[in-house]
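Visitor: Pulled these from TrEMBL:
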type: TRANSMEM; residues: A:26-42; note: transmembrane segment
type: TRANSMEM; residues: A:48-71; note: transmembrane segment
type: TRANSMEM; residues: A:92-112; note: transmembrane segment
type: TRANSMEM; residues: A:118-139; note: transmembrane segment
type: TRANSMEM; residues: A:146-168; note: transmembrane segment
type: TRANSMEM; residues: A:174-194; note: transmembrane segment
type: TRANSMEM; residues: A:220-237; note: transmembrane segment
type: TRANSMEM; residues: A:243-263; note: transmembrane segment
type: TRANSMEM; residues: A:284-302; note: transmembrane segment
Amino acid sequence: MSETHITDFDREAGFGDYFALLKPRVMSLVIFTALVGLIVAPVPVHPVVALCSILFIAIGAGASGALNMWWDADIDAVMKRTAKRPVPSGRVAADEALAIGVALSGLAVVMLALAANLLAAGLLAFTIFFYAVIYSMLLKRSTPQNIVIGGAAGAFPPMIGWAVATGGVSVESALMFALIFMWTPPHFWALALFMKSDYDVAKVPMLTVTHGRRVTRNHVFGYTLSLAPVALGIGFTSIGGPVYLATSAVLNALFLKGAWTVWRRDEPAAEADGYAAERKLFRLSLSYLFLHFGALLVDATLKSFGVELW
Amino acid sequence: MALRAEHEIHKRRRSRNVGVGIALAGFVALVFALSVVKINTVGPVEGFDHTPRASALPPQEPAE
C-alpha cells in the first residue's frame, strides 16, 4: 500500500509543471507579436493597460495550450518531442489540465474585455476556441491541412493587439494575420520533413505521411512563394517603413532560396546530408517571423521619434 | 527507518503554494493598478446621489 503512495507522491507536480502546461515557448511568440500589433497601431495605449492586455492575451494563449495538452495527451505520449510534457509524463492529471485551461480561458477573456474592449476579448475567445476545438479536436487528427487552417490560431495575436489599441480591425491587422498564417505551413512542413518518425508513430496525418515527401516539398515552396507578396505588402501600408521593407526583401529572398533548395532536391539527397537544408529552412523560418515583427517595431519607434524616412 | 520531516515532495508542494501565492498577489496588484489608471483616464465619475449635486448637473445657460 505505502509503496503505491510513494509513487503517487513522486508524480506530484511542482509549480513549474503547471507553468509548462501553458506552453511558455509558444507564449513568448504570442506576447511578442501581440505587443508589436499593439505598438504599431496608430492609437496610443496607456502602459498599464498595454501591460495588462498583453498579459491576458498571453494567459489566454497559455490556456489554449493547456486545453491542447489535455486533449492530445495520447498523441504527446508517443512522440519523442512531446513525451516529457506534464500530462503524458504523469506529473499533472489530464482533468487538472482541462480545469486549468477552462478556468484561465474564462479569466483571460473577461479580464481582457475589462482592460481593453469587447472586440479584443471576442477575438481572444475565438482564438482559444479555434485552437482548442477547431484545430486540436477537429482538424489535427483528420486532415493533412490541419496546420494550414490551424495556423490561424497562431496568427490572431497581432490582430488582438491592434484591436486593444484601436478597437477595430484594419488592412494592417489583417495583413499581419496573413503574414503568420502563410508562414505557418512552410515552417511546420520543414519541421515535418526532418522529424519524420514522430508523426508516423502518433498517426497524426501530416502531409509527409498522407501525400508523401515530394508533395510536401512542393507545398513548402508554393506557400513560401505566396508568403512573399503578403510580407512585402505590409511594407506599403501605414505601419510599413524603410527598415521593414529592407528587412522583408532580404528575408524573403533568403526564405525563397531555402525553400527552392528544399523543393529541388529529392529524398536520397536529403538523407545523405542528414536533412541539412530542411533544418536550415526551419531555423530560418523562426528568425524570419521574429525579424519581420522586429522591423515593424523599429519603424514604429522611428516614427514616434519623428524620424520620417518615407 | 527514521521518518524524515522534509521529503522532496514537500519542496514540490511548497513551490506550488509559493507560485500560486505570488501569482495571486500579482493579479491583485495588477487589477488595482488597472483600476487606478482607468478611473484617472475617465475622470471624476458622479451621478445622482438623492440630492442634486451641482457638479453632476448639466451646464446651465447663462441667465439673460
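A Cβ is built for glycine as well, from the same backbone N, Cα and C atoms used for every other residue.
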Visitor: So which residues does the transmembrane segment (A:48-71) touch in its own chain, when a touch means Cβ under 8 Å and the partner is 6 or more beyond its ends?
Guide: 21-24, 26-27, 30-31, 34-35, 38, 85-87, 94-95, 97-98, 100-105, 107-109, 111-112, 115-116, 120, 124-125, 127-128, 131-132, 135-137, 153, 157, 160-161, 164
Visitor: Should anything in the same chain at least six residues away from the transmembrane segment (A:243-263) have a Cβ under 8 Å from its Cβ atoms, list it; otherwise answer none.
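Guide: Distal contacts: 186, 190, 193, 217-218, 220-221, 224-225, 227-228, 231-232, 234-235, 277-278, 280-281, 284-285, 287-288, 291-292, 294-296, 298-299, 302.
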